[in-house]
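Chemist: Next up is a structure, given as structure tokens.
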Amino acid sequence: MAEGEDMQTFTSIMDALVRISTSMKNMEKELLCPVCQEMYKQPLVLPCTHNVCQACAREVLGQQGYIGHGGDPSSEPTSPASTPSTRSPRLSRRTLPKPDRLDRLLKSGFGTYPGRKRGALHPQTILFPCPACQGDVELGERGLSGLFRNLTLERVVERYRQSVSVGGAILCQLCKPPPLEATKGCSECRATFCNECFKLFHPWGTQKAQHEPTLPTLSFRPKGLMCPDHKEEVTHYCKTCQRLVCQLCRVRRTHSGHKITPVLSAYQALKDKLTKSLAYILGNQDTVQTQICELEETIRHTEVSGQQAKEEVSQLVRGLGAVLEEKRSSLLQAIEECQQERLSRLSAQIHEHQSLLDGSGLVGYAQEVLKETDQPCFVQAAKQLHNRIARATEALQTFRPAASSSFRHCQLDVGREMKLLTELNFLRVPEAPVIDTQRTFAYDQIFLCWRLPPHSPPAWHYTVEFRRTDVPAQPGPTRWQRREEVRGTSALLENPDTGSVYVLRVRGCNKAGYGEYSEDVHLHTPPAPVLHFFLDGRWGASRERLAISKDQRAVRSIPGLPLLLAAERLLTGCHLSVDVVLGDVAVTQGRSYWACAVDPASYLVKVGVGLESKLQESFQGAPDVISPRYDPDSGHDSGAEDAAVEALPPFAFLTIGMGKILLGSGASSNAGLTGRDGPAASCTVPLPPRLGICLDYERGRVSFLDAVSFRGLLECPLDCSGPVCPAFCFIGGGAVQLQEPVGTKPERKVTIGGFAKLD
């Protein structure tokens, strides 16, 4: 029974030792110098927070041409950047240099370099090529002497060496052979001792008796970090410079205005952060292992995908080669046919010329015919022969080869193809689309339009994302509503919430993947549901002076000849007429919104609403007036009625003339341009591209807005005791265009439903 327990205890101890050994071996890569790939020896902390051995740093600076900036390796150190090398106690003690001589040595070694004069106005900045971050790090003028030693890293390296070394006990350096195992160390004496030797070399009552014993070690370090500038113990930490400083550094102008905290506070804060971070990592080991498995799977997928990409490229290039080979064969066949045709013609021409030689062919036959003495027979035979001889004579006099020997017409121009082949490269993802803000707007629905930048790779389809910005943010990442595989360069968002702000963005996709998102565009939706109506010119509209479009969404006032003829009857004044157009839909409840565009060249146009009964009563057969101050809105904007009347006005209009909006001096209740004591001072604002009218039937209020930015222009009270309809008044020439609902546009769009997939 006891043997079983002992075996179990031994097994657990061995398992613990194996785990410790494995952990230390896995940690070894953190203790290797990036230059020499060996354990750190007197590591220095670079400004980039990476570490490097002092000897390696000195060697690297020497290779870079910075001579004299690495310190004197034979001198005894007096700064954190240099420390005494391990010295055997049996060797004779080296004479320490005097402090003043050492100071001069350090200044000469660390403060000058070839090519610089002492006291130069612009000292050289030493750059150290950090092997870890692959960048140049500024060391300042002092070089390595301005760096701190990483004593903590030294201690970790020492503990690691002791843990992995088998039978590597540290021996007493003062014992006679054979030495005993050391039990103490002395940083002042820089030696290790057994118990007897420590008592012998630290006798009671002497100054050495005050030396504090440490654990035995082969590498002795300073007790603490010293300021490289003032040789004082560092006591504070500068958060701005992220550097340890002493009391003297703290009051220097270099750290003026910096956030400086005691080392104890910085120590506690960093220790707490490191402890929490380490605890989080240790508490999520399963997550780490899962991510490692995911990365390994990604590596395998990368290998497979890379091989597939290679095969695909090879197949495509082979396809190009096959097309080129087929084209080469067809071109060579065309050249061959042309060559044979030319050779045939030239051979026939040679045969004809050979027949002209003496005694052969045509010439020989002609010579024999000339021997004929019978005249009728000669005439019969010589007639046809003479024609052939005449043609041969003409060909002989105007000799020219029957075919050209040049094949210049068969030259290939492959410049464009060579350029295409040279520029042949992997397909890139589409660039970020550019949203067309001139065509993108929100009305009854949201219409989004975009385009790709010039020279952008094509996009097969797009992804449109949108969300409301005026809702409380939910914890976690921002959630977007998404519509994928959108064809074309426009999209339609149906049923948006009224009085909201939407942010939208687009990105393209092709075979190479998804591109970058476009810049976000913010759109304000109308404050109320959009009212759909058409223009009705049956009430108060003169067909001679008003022209309504076929779709009944636009109207133009044309004064024309009838107005001029009517004006001839008047001896004085300016003859004007008021024409009105109403909407064919009346509002009896709720809130409604619509928008229109007024021609900036209009003389005087009034846009607004009114009680349907009052509008028909006032404008049916409306008389011509002789004053431009005549106003049909029962007091609004004109001062025609007593302002003291408490009853709500039946009309509310916004006056537009010559590209300006005429407003009164009141605040939000700019219902008219006159006050109780007389005409009020009026002001004008520029006419926006579109005007919006929002009617709140229950509250009896109507608001006029800039339909682009939804900035309020005017708010008026209104009598809503009956049906209220839109109204447009014209004095002189002018034009109004109702904003067409997005859903009726003939342009091809992609509809995005109100319930889209969440990201």
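The chain as shown is numbered from 1 upward.
The backbone N, Cα and C atoms fix where each Cβ goes, glycine too.
According to Swiss-Prot, the record shows the following:
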- 1-166: region 'Required for proximal axon localization, axon formation and migration' (REGION)
- Cys227, His230, Cys249, His255: Zn(2+) binding site (BINDING)
- 294-400: coiled coil (COILED)
- Ser330: phosphoserine (MOD_RES)
- 370-427: domain 'COS' (DOMAIN)
- 429-528: domain 'Fibronectin type-III' (DOMAIN)
- 513-747: domain 'B30.2/SPRY' (DOMAIN)
- Ser627: phosphoserine (MOD_RES)
Chemist: To the nearest Å, how far is the Cα of Ser330 (phosphoserine) from the Cα of Cys227 (Zn(2+) binding site)?
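Modeler: Answer for this pair: 83 Å between alpha carbons.
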Chemist: Using a 10 Å cut-off on Cβ-Cβ distances across all protein chains shown, tell me which of the binding-site residues (Cys227, Cys249) has the largest neighbour count.
Modeler: Cys249
Chemist: Could you find out if DSSP has Cys227 (Zn(2+) binding site) as helix, strand or coil?
Modeler: coil
Chemist: Please identify, from the binding-site residues His230, His255, the residue with the sparsest Cβ neighbourhood, meaning fewest other Cβ atoms within 10 angstroms.
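Modeler: Comparing Cβ neighbour counts within 10 Å for the binding-site residues His230, His255 gives His230.
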Chemist: Let me check the 10 A CB neighbour count of Ser330 (phosphoserine). How many other CB atoms are there?
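Modeler: Step by step: centre on the Cβ of Ser330 (phosphoserine), count other Cβ atoms within 10 Å, giving 10.
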Chemist: For a three-state summary based on DSSP, what are the helix, strand and coil counts in the domain 'Fibronectin type-III' (429-528)?
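Modeler: With helix first, then strand, then coil, the domain 'Fibronectin type-III' (429-528) has 0 helix, 44 strand, 56 coil.
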Chemist: Within the same chain, and leaving aside Cys227, His230, Cys249, His255, name every residue whose CB is within 8 angstroms of the centroid of the CB atoms belonging to the recorded Zn(2+) site, in sequence order.
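Modeler: Near the Zn(2+) site, the remaining chain residues are Asp229, Glu232, Val234, Val245, Cys246, Gln247, Leu248, Arg250, Arg252.
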Chemist: Tell me, what is the mean pLDDT of the coiled coil (294-400)?
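Modeler: Across the residues of the coiled coil (294-400) the model's pLDDT averages 84 on the 0 to 100 scale.
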Chemist: Just give the helix, strand and coil counts over the domain 'COS' (370-427), going by DSSP.
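Modeler: When I sort the residues of the domain 'COS' (370-427) into the three classes, I find 35 helix, 0 strand, 23 coil.
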